[in-house]
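**Student:** Below you'll find the structure I mean.
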Amino acid sequence: MAHPPGITLYVIFTSMLAGAGGLVYGYDLVAAGGISAMEDFLQKFFPNVYKSRHAFHQGNYCRYDNQVFQLFSSSLYIAALLTSFVAGSLTRKLGHRSSMRTAGALFIAGTILGTFAHNLPTLIIGRLLLGCGLGFSNQAIPLYISEIAPARYRGTLNMFFGLSIGLGIFAGNLVSYLASSVRPRGWRITQAMTSFPAFTITLAGFVLADTPTFLIRTNKHEQALRVLRKLRGHNDVMVEFEDLLKATEIAEQVEAQNSYRALFRKRNAPQFMMAILFPLFQQFSGNDAIVFYGPFLFRAAGLGERASLYSTLFTGISVLVGSVISIFAVDKAGRKTLLLLSTLIMLFCMVAAGTIFAVGIKGTVTRLSGAASGFELAIVCLYLASFSASWGPLAWIIPSEILPQDIRSAGQSVTVFTSMLFKFVIAQTFLSMLCSFKFATFFFFAAWLFLMAIFALLFVPETKAIPIDEMVDRVWRTHWFWRYFVTPQKDGGSKLASVEMKPSFDPPIPAPITVHPGGT
């Protein structure tokens with residue numbers, strides 16, 4: 001008798017350790033903003049920005065409008081997007097653990113350079129190395145967890161990655177606040193603390209086992225069976241294992257070098273568009289602008305250096321709360337419900353924040369009132385909690401769980417590339433946008449959130465508890481729009497729709513195939 005799908009302590013531990021790679025991602029998201037708000041750092045590396053910061057004629061919105069200064073934050077993401085496709089090839093050939101170890105080494109090297117930098121080029125090179133590490137870790141981790149998790153708990157286990165990002169954001173804000181009082185080397189402390197999450201992902205790369213999917217692909221069938229039994233907590237896994245063997249055999253018909261070309265086939269259009277649109281909308285929601293440059297937004301509201309950094313502690317807690325909510329809600333409420341509800345809340349918050357700035361800062365008024373500042377902080381916290389419960393983790397989870405096995409690494413590379421490309425755009429332009437548009441910047445992001453709500457309502461299918469191999473039949477072929485891109489399933493056809501069956505393939509694959517890559 002087959003065991004019902006369940007969850008074991010081992011798969012929880014494995015998902016938590018792999019997901020901990022999100023710590024360095026979250027930490028780096030906010031550390032640059034915290035460091036850039038410290039006067040000692042500005043005096044050493046960006047003296048022009050330091051002078052502009054204290055120039056009254058610049059106004060609240062334009063004191064940090066400097067392209068080189070913004071490059072300090074954005075360089076992280078340009079490196080990550082350039083690395084993403086290399087990371088995809090490495091993950092497919094050598095496994096997720098190799099990508100994790102590579103990421104850890106790059107994180108450690110970037111941390112050392114950034115901590116001991118005495119000139120701007122060395123500082124930027126350190127950021128570039130950290131970005132290369134992000135390209136590897138964000139490519140490997142969501143795929144790894146999706147391949148080892150039971151379908152019923154795939155969303156919950158993948159949320160450990162999102163939770164780790166939230167923990168990293170909170171830690172980055174806390175360290176920046178505490179380090180700001182250690183002068184003149186507080187910024188070096190903030191940089192150096194990146195080493196702790198960097199060691200975590202390095203440890204994961206050495207301790208974790210490869211996924212059953214990867215082990216079968218490399219002809220290590222006995223080891224794959226042992227890992228699958230350990231993940232499921234029982235020996236009755238032969239049906240799942242045999243289905244996984246069949247899925248891998250079919251997927252291997254498409255050569256690795258053709259996997260990127262396969263992304264552009266009509267039948268893969270739904271997955272390909274999701275791999276692009278989710279990270280695009282994630283960035284243009286406005287979250288990264290707030291996370292990257294939170295201290296500068298609070299400075300624009302008239303708060304001082306310490307008060308601005310102190311306010312980011314509350315935003316960090318909000319991110320953490322949202323991440324915890326997502327763990328309990330994603331496999332109960334479902335992905336679509338979380339996206340819709342959170343997007344509407346975020347839209348309200350963005351309009352409210354823009355209205356507060358429009359009404360509160362104008363003419364000779366350069367500081368929000370105490371009540372307005374408190375309301376602004378509450379609005380920002382609600383926004384960040386909503387994002388962290390929805391678009392933050394789901395923009396990584398949904399693409400990773402809908403991609404067929406033969407294009408999974410290539411598709412995840414596209415997701416990472418798109419995410420990092422638009423992170424770079426936002427990081428490089430937000431302070432200039434704030435200077436030019438002023439309070440209208442918030443309404444710009446509100447317009448994007450309106451589009452995101454329509455996208456979530458009409459085009460995002462529900463993938464809760466659906467095994468990866470059944471996505472085509474149960475998701476795409478039944479969707480009102482995407483079904484026109486997926487060819488109808490013929491009798492005797494394979495559910496792995498991204499692979500064309502060759503007439504000479506013998507024996508024929510029976511229908512329907514129930515494939516469980518890595519137990520999902």
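Positions of Cβ are set from backbone N, Cα and C atoms, glycine also.
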**Student:** If TrEMBL is the reference, give me the range from 124-145, 410-431 marked as transmembrane segment.
**Tutor:** 410-431
**Student:** Tell me, please, if the transmembrane segment (7-27) and the transmembrane segment (377-398) are in contact, taking contact as 3+ Cβ pairs under 8 Å between residues separated by 6 or more positions?
**Tutor:** no
**Student:** Which stretch from 102-118, 272-296, 308-330, 377-398 shares the most C-beta pairs under 8 Å with the transmembrane segment (337-357)?
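**Tutor:** The stretch with the most contacts is 377-398.
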**Student:** For the transmembrane segment (377-398), I need the partner stretch with the highest count of C-beta pairs below 8 angstroms, choosing only from 102-118, 157-178, 272-296.
**Tutor:** 272-296
**Student:** Out of 157-178, 198-216, 272-296, which stretch has the largest tally of CB pairs under 8 angstroms to the transmembrane segment (102-118)?
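**Tutor:** So the stretch in question is 198-216.
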**Student:** For the transmembrane segment (308-330), name the stretch out of 68-90, 157-178, 272-296, 437-460 with the most CB-CB pairs under 8 Å.
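**Tutor:** The stretch I would name here is 157-178.
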